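Everything below concerns the one structure shown next.
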């Protein structure tokens with residue numbers, strides 16, 4: 001789960017990471033009031049879960065409350081890489097002497113934690129990583145030992161911080177590790193971490209990604225979810241405990257097991273090239289069970305997607321046999337009734353496949369086509385979607 005900047009800022013502050021005062025606002029009038037409260041120069045910052053805000057006009061400096069009001073009017077409602085700005089943060093201004101970069105992330109390739117830090121970093125860290133990769137220190141972090149005071153100083157030296165700054169930045173590095181460790185994060189990034197003209201180290205902008213699988217250990221994490229920004233179909237699927245991700249295609253996908261579903265996406269994409277470029281509309285893994293209730297919930301979500309013009313149900317019977325899956329499909333269609341309006345292509349294989357196919361063929365639902373192989377089923381689903 002990605003956090004908004006203001007949520008990351010509040011999290012940093014709770015762990016003692018130095019941040020600037022900031023106030024969240026939803027309207028231009030609220031921005032004016034926030035600017036008056038903070039006083040002096042403020043920065044009005046769009047709250048969206050994507051990068052490139054500054055270049056898109058989503059970050060503006062204001063010297064007065066009236067200027068902040070005008071800035072907010074230009075930012076609220078702005079589209080930034082497909083994200084509409086509904087909220088801004090009004091942050092106190094700071095005189096910056098130098099920008100740095102610091103992050104901790106989960107290195108999936110090495111199966112460990114990785115710290116990235118740069119004395120020469122900051123907002124242009126991506127360019128620096130390409131043109132001068134030696135300026136970006138990469139330090140593996142032992143998950144058990146973590147980042148203590150000594151390790152924080154080691155990181156600062158590896159990132160070429162001068163000795164006079166190490167005593168200032170090392171405690172910040174250590175506290176950012178606490179955020180990462182104690183909140184079960186997969187990313188904690190500060191870009192930029194700055195040195196102000198008055199000699200303070202400030203986390204000026206932060207990104208935090210929390211591991212949703214660890215949500216049961218953190219009562220406060222549920223409150224950080226942005227229900228308003230969630231895709232309504234994904235929110236609906238989550239209510240039924242379905243593993244669903246909306247895509248931009250026309251063929252709805254239901255399968256059991258993430259690997260099978262991903263393979264199904266591939267074969268549908270390939271088949272779609274022969275039928276006008278149709279593509280998968282979603283990822284939906286119903287897991288090991290395929291009861292009528294689970295299948296109905298999955299179909300209800302997929303059929304609610306206006307882009308979907310056909311559905312491909314691809315199930316390999318293992319612990320759950322194919323006859324149970326077939327009964328689940330029949331029960332789901334009966335349960336949905338008139339809400340089921342789009343053709344279904346069903347491919348079953350594995351445990352008790354003959355009985356599963358017999359159940360579907362005897363039911364002879366007008367929307368259901370039973371196909372023998374995955375390639376044939378993908379081609380049929382793509383053909384129906386393109387019709």
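Backbone N, Cα and C define each Cβ position, glycine as well.
According to Swiss-Prot, the protein has these features:
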DOMAIN    9-236  domain 'ATP-grasp'
BINDING   45, 52, 53, 54, 94, 99  ATP binding site
BINDING   191, 205  Mg(2+) binding site
BINDING   256, 318, 319, 320  substrate binding site
(message) Going by Cα-Cα distance, which of the binding-site residues (191, 318, 319) sits nearest to residue 53 (ATP binding site)?
(response) 191
(request) Check residue 54 (ATP binding site) against DSSP and tell me helix, strand or coil, would you? (result) coil
(request) Take the domain 'ATP-grasp' (9-236) and average the pLDDT across it for me. (result) 92
(request) List nothing but the largest Cα to Cα distance in Å, as a whole number, among the residues 45, 52, 53, 54, 94, 99 that the record says bind ATP. (result) 21
(request) Just name the winner among 94, 319 (the binding-site residues) by count of other CB atoms within 10 A of its CB. (result) 94
(request) Sort the binding-site residues 191, 318, 320 by C-alpha distance from residue 94 (ATP binding site) and give me just the closest. (result) 191
(message) Taking 10 A as the limit, how many CB atoms besides its own sit near the CB of residue 320 (substrate binding site)?
(response) 22
(message) Give me the count of other Cβ atoms within 10 A of the Cβ belonging to residue 52 (ATP binding site).
(response) 10
(request) Work through the binding-site residues one by one (45, 52, 54, 99, 205) and name whichever has its CA nearest to the CA of residue 318 (substrate binding site). (result) 52
(message) I'd like the Cβ neighbour count for residue 45 (ATP binding site), meaning other Cβ atoms within 10 Å of its Cβ, all protein chains included.
(response) 23
